[in-house]
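Below you'll find the structure, written out as structure tokens, and then a few comments.
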Amino acid sequence: MFCTVCTGVVFFFVTLLQCQPISFFWEQYTGATNGHCINMDVIIALTYLYSAFSVICDFTFAILPIILIWKLKMDRKTKIALIPIMAMACIASAAVVVRMPFVKDFKNIDFLCKSHFLPLSLAIGMQP
């Protein structure tokens with residue numbers, strides 16, 4: 001969990017501060033030349049790294065409670081009812097895994113047209 005939080009904070013600030021000045025991120029497409037951005041390969045690598053940490057953490061927190069619940073002294077019906085509730089993190093992990101092949105499209109200038117997965121990501125509340 002600590003690794004995911006640290007990676008998320010680093011990813012947030014690198015994404016926010018990838019261009020200097022920050023407004024150059026959206027002004028560069030209008031022909032502005034008074035700024036610079038870091039290489040998109042760095043952003044893509046960080047996205048893969050953060051996604052990997054996120055998937056590992058989500059699956060860990062989804063599977064670990066299932067193991068703990070199975071050892072509790074309660075009837076089987078209640079245990080089976082609790083497992084899907086505790087495994088909701090798998091949905092967010094699945095969305096991150098589905099998003100992974102599209103990360104390389106960040107290099108494309110028109111990546112917004114290819115980022116149709118974003119509404120799904122936001123709807124289930126997952127991180128970038």
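Every residue, even glycine, has its Cβ placed from backbone N, Cα and C.
Taken together, the residues in the domain 'Rhodopsin' (1-108) have a mean pLDDT of 81 on the 0 to 100 scale. Annotated domain 'Rhodopsin' per TrEMBL: 1-108, in sequence order.
Taken from TrEMBL, the feature signal peptide covers 1-19.
Sequence annotations record features per position, and here TrEMBL assigns transmembrane segment to 43-68 (among others).
The feature transmembrane segment is assigned by TrEMBL to 80-102 (among others).
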What same-chain residues lie close to the signal peptide (1-19): Cβ under 8 Å, and 6 or more beyond its ends? 25, 28, 35-38, 42-43, 46-47, 49-50, 53-54, 57, 61, 127-128
Grouping DSSP H, G, I as helix and E, B as strand, the residues of the domain 'Rhodopsin' (1-108) number 83 helix, 4 strand, 21 coil
